[in-house]
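Listed in Swiss-Prot for this protein:
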- 524-538: compositional bias 'Basic and acidic residues' (COMPBIAS)
- 226-426: domain 'Rho-GAP' (DOMAIN)
- 493-547: region 'Disordered' (REGION)
- 1-40: signal peptide (SIGNAL)
- Thr258: site 'Arginine finger' (SITE)
Amino acid sequence: MGGCNPFLKAARTLCPRIMPPLLFLSAFIFLVNVLGGAPGHNPDRRTKMISIHSLSELERLKLQETAYHELVARHFLSEFKPDRALPIDRPNTFEKWFLILRGQQRAVSLKTFGIRLEEVLVNELTRRKHLELTAAMQIEESTGQASGRRRGNVVQRLFGRIRRFFSSRRDEPSLPREFTRRGRRGAVSVDSLAELEDGALLLQTLQLSKISFPIGQRLLGSKRKMSLNPIAKQIPQVVEACCSFIEKHGLSAVGIFTLEYSEERVRELREEFDQGLDVVLDDTQNVHDVAALLKEFFRDMKDSLLPDDLYMSFLLTATLKPQDQLSALQLLVYLMPPCHSDTLERLLKALHKITENCEDSIGIDGQLVSGNRMTSTNLALVFGSALLKKGRFAKRESRKTRLGIDHYVASVNVVRAMIDNWDILFQVPPHIQKQVAKRVWKSSPEALDFIRRRNLRKIQSARIKMEEDALLSDPVENSAEAWAAVLAQSKPFDEGSSEEPAVPPGTAHSHDDEEGAGNPPIPEQDRPLLRVPREKQAKTGIGYFFP
């Protein structure tokens, strides 16, 4: 017994030293397992995600830079080059000369099917502007203002067309003079689109009146000035019309995209869209005809909706675990040109709604409602080869990168994952928001200051509107949830986190801190709320301006 006394004394001596670390460790394990994380950690990340459409051009550029570096670190970009422009077909010079002399260039180039996606959007903008000019000329002729206008002779018009042909760039779609900055005679200047009642409509109108950024190109690698306004959605008219019709009339159609359709009716609809007519898809149309028209649009596109230089990168995600695949798909979507990502989002949204009605259900009246039998796997089998096409860059890349599975099987797996998670692909998670904020701060602190002030005013306007609605009508039942939704859609990045970039004292701070959550601080009175900073030349050679 006497030999055990030294051990007992040693245990009694070490107990006071060991117990505090053990208690701390047990408390930490309790927080992780029961509360969902350490103090200050929010386990529900989806409530803090924001849409990429709420980001400005500058933030979208920094988002693409962040996605590029993340994918390079994961070895997902073998042949991708950020400064490489998307391929554009070279026009036939002799044929173009002949059409210009006859004045038929505009009539034959404004198509919808069988061309690249950016060309479809440019043709729609050109047609819309041409209709506006035609209507204005008709008004002038009806009022007699154009009766005395002198017309140039045939020789002058011929030399004018030849001069415009040689002076225009051949690698870009030709636009009317009214579309260029030189042709605009008026301008609109606003401090913030959030102060307007219909800011989205005004933003779309302003971006239709002038091409601020070449359609079909990435922001990454550009040396132009970046705007601090969001980018208007760029979706072809045929895609929007077909998706809206299917969501309204085709969710319960059994075997949509797979059953037989009328080839004659699809050809008529295709010709109407190619001619630039105002096509209205009403109740008289067949759902399967409209579905076939939408499928033909993506199948006959010269380029791929998922860019050619990212072909193998998308296929490589099929070899990952589901959570890792979703994260990689998010980064790849960020790298896509705005027109491609917007069109992809619209298509995936419609396809996801179809999958929600694939099984039988009980209606409101208690009757059995049959499902459409189109799961995400079935839709991926239909659209897999139409969305992921192997082009020139993809063929060169596939020689160096070999997959363990067939390319068609991988494409089906990728499209299925995108349909199932369409609402997450176009959201920016908090950790990416922090990196975007840091990159904006490094390039232009004044731009970060302006973006935060504008979003602060947006939140204040939303709060005032909610208070007015509460006074005019009954109180909102879920006011806290509604206010949280407003905050989630208004923040350009995760401002509530503790890892914010270092901002000087003169800049605005977060509106959603612990002491004043829901009560934005009042800006200081000794300086204007929205100041216009001077142009700043960043290290990358990119300037920034405030619209």
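Counting begins at 1 with the first residue displayed.
The backbone N, Cα and C atoms fix where each Cβ goes, and this holds for glycine too.
From a predicted model like this one, the values you see are computed outputs, not experimental measurements.
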To see if you understand the setup: which same-chain residues, six or more apart in sequence, place their Cβ under 8 Å from that of Thr258 (site 'Arginine finger')?
Met374, Asn378, Val382
Mean pLDDT for the domain 'Rho-GAP' (226-426), as a whole number?
91
Tell me, by DSSP, whether Thr258 (site 'Arginine finger') is helix, strand or coil?
coil
